[in-house]
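TrEMBL has this to say about the protein:
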- 74-179: domain 'DM10' (DOMAIN)
- 220-340: domain 'DM10' (DOMAIN)
- 397-501: domain 'DM10' (DOMAIN)
Amino acid sequence: PQKTSFHRSQTLGYKNGFAFSRLPTVGVGGERLYVNQLSQAELDDLSNMRPMLTYGPAKPAPPSGFVPAHVAFDKKILKFDAYFQEDVPLSQQEHYRIRQVGIYYYLEDDSMTVIEPFVDNAGFRQGTLLRRHRVPKNDHGEHYHWKDLNRGMNITMYGRTYRIVDCDRFTQVFLESQGIELNPPEEMVFDPYIEMRRTPMRKYITPSDFDQFKQFLTYDKQVLRFYAIWDDTNNMFGEKRSCIIHYYLADDTVEVQEVYKQNDGKDRFPALMRRQRLPKTFVDKTKNFPSCVIEISDHEVLEWYTAKDFAVGKSTTLLGRTFFIYDCDEFTRNFYRDKFGITDFQPVEIEKKSPEEVPQVIPPYNGFGMLEDSLQNCFSLIPKPPRKDIAKMLENDKKVLRYQVALESPNPEDRKRRFILSYFLSDDMISIYEPPVRNSGIIGGKYLRKTRVAKPGSTTENATYYEPSDLTIGSTIEVFGHRFVITDADEYVLNYMESNAERFPAATLQSLRDHIRPQQVVKEAANSDIPARGISRQELDDLIVQVREELKLHKHLNIDNVRKELLQCDQGGSGILDKGKFLAALESTCVPTNALLVNKLIDLCSCGEDKINYRDFLRALPS
């Protein structure tokens with residue numbers, strides 16, 4: 001009512017000919033307006049406008065670094081201790097159950113989880129009750145935030161109400177730093193049924209002096225152990241066996257177990273006597289009482305075996321078997337010392353006879369395989385190959401001594417068979433090969449594969465094998481029941497033995513020299529170009545041509561038969577025959593020995609008195 005002017009103040013002004021608006025300083029009626037007044041900060045900005053107008057606007061400072069929430073609050077968790085009450089309708093001992101849980105709030109993504117700690121024998125599912133996620137707060141789409149959590153409050157999640165009673169130190173510091181006033185902590189409520197189970201049960205004392213249940217509870221898992229010997233040597237195939245006697249104090253039962261050793265050859269039975277009460281003295285039986293019963297009761301037994309019936313150094317008969325107790329364990333000693341006052345537990349030394357050493361008998365050689373390989377089966381279950389002399393194998397590699405041998409047999413057909421015996425110096429093995437002979441009726445080829453041949457009379461323990469010193473001209477060797485006579489040898493054999501004369505007997509070397517040297521002389525004489533008996537080489541060739549023309553006239557003559565007959569007459573294979581035997585062989589094959597040209601050729605093939613080189617004679621015959 002005191003106002004007399006109701007006009008509005010002018011907000012349009014002119015300066016230097018330009019119109020501009022200005023803020024009103026007074027309102028209707030001339031009342032001063034404080035809203036439109038400049039603040040001190042705006043006045044300071046206006047006072048600093050002059051440098052900006054002169055030098056332009058200043059460069060703004062860079063913004064502070066932005067840290068996202070999942071980095072700033074990584075691994076930062078708020079932990080609240082809570083509980084909830086659960087009804088138990090079907091139990092007479094409890095009507096409700098208190099379950100303690102932990103509520104975890106993850107600051108990085110505002111998620112929550114509820115975990116119940118495990119309790120032994122709880123009987124219900126524990127662990128994670130609510131998986132980690134953002135828990136809805138109401139039906140409007142809102143979620144629980146850490147500002148909604150505090151001590152001493154109820155929180156409802158999915159129809160279950162949790163009572164928060166306390167939090168950890170980190171949660172308390174974080175909430176107080178954010179300006180939240182925390183309620184005082186409350187005491188955790190425990191389940192009354194679990195507390196009742198933790199209270200000790202009432203103990204009842206049995207007034208009876210002896211009670212089997214009391215004995216079981218007092219001596220449960222307490223066993224007396226005795227070490228004994230069962231002497232069964234009076235029976236056939238009996239022996240002394242080590243045993244362990246167990247006496248169970250809980251029910252006065254006895255068990256006997258046998259002590260087995262490694263490789264003793266016995267079946268490992270679980271027990272020699274099963275765990276049972278053993279009778280010591282029976283009641284006097286009547287005549288009509290059966291001697292065999294399934295079970296023995298207290299009515300038939302006057303006295304049972306007890307702990308006082310076992311002692312160290314005494315014998316005890318259990319079910320007809322006598323056991324001598326020679327020692328016991330420490331627990332048994334302490335029990336007898338406290339219960340019966342026995343202090344003498346001196347162990348008895350048992351004489352143990354050392355087993356007789358059985359000599360290893362090597363069986364005779366059966367003839368299969370090599371002797372060294374077969375002998376390894378007697379030394380180990382998995383035989384190993386015998387060791388070889390590597391230095392000898394490298395030194396004598398590919399060095400073979402060859403001999404010509406004849407089979408010694410009562411059969412005339414076998415006596416004509418010739419074999420080649422090869423002795424390998426690298427491993428002292430022998431192989432025999434029979435050259436095939438046409439129309440002989442015998443298939444040639446390999447007669448004996450490469451193997452070591454033992455001498456007759458050698459045993460398995462001391463086996464001796466054939467050596468090069470045993471292979472002399474005319475000697476007989478026995479190869480697996482077959483006897484062979486050495487009739488000839490290769491020139492390499494003589495050269496090798498002469499180069500290593502210190503390793504071979506003189507008799508062996510001399511026999512080879514006496515046999516091979518004459519053959520070398522005859523061979524050199526046959527291959528020489530010196531004319532024989534004053535006939536030139538041209539005359540000799542003309543004579544051979546004339547003899548071949550002469551023999552071609554005899555159509556009934558078979559040159560192959562002549563060659564076979566002469567080879568059969570030469571059993572030694574020396575190429576030299578007696579003149580009489582040579583002429584008889586020619587006459588048996590229808591060779592005209594009375595022809596002049598043939599007689600002249602025979603004279604040219606003679607080498608010494610009454611000796612004919614039939615190989616030179618065969619060269620002159622037509623092929």
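Backbone N, Cα and C atoms are what each Cβ position is placed from, and that goes for glycine too.
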Average model confidence [pLDDT] within the domain 'DM10' (74-179): 93
Secondary structure composition of the domain 'DM10' (74-179) [DSSP: H/G/I, E/B, coil]: 12 helix, 50 strand, 44 coil
Secondary structure content of the domain 'DM10' (220-340), with strand meaning DSSP E or B: 13 helix, 48 strand, 60 coil
The domain 'DM10' (397-501): DSSP-derived helix, strand, coil residue counts: 17 helix, 42 strand, 46 coil
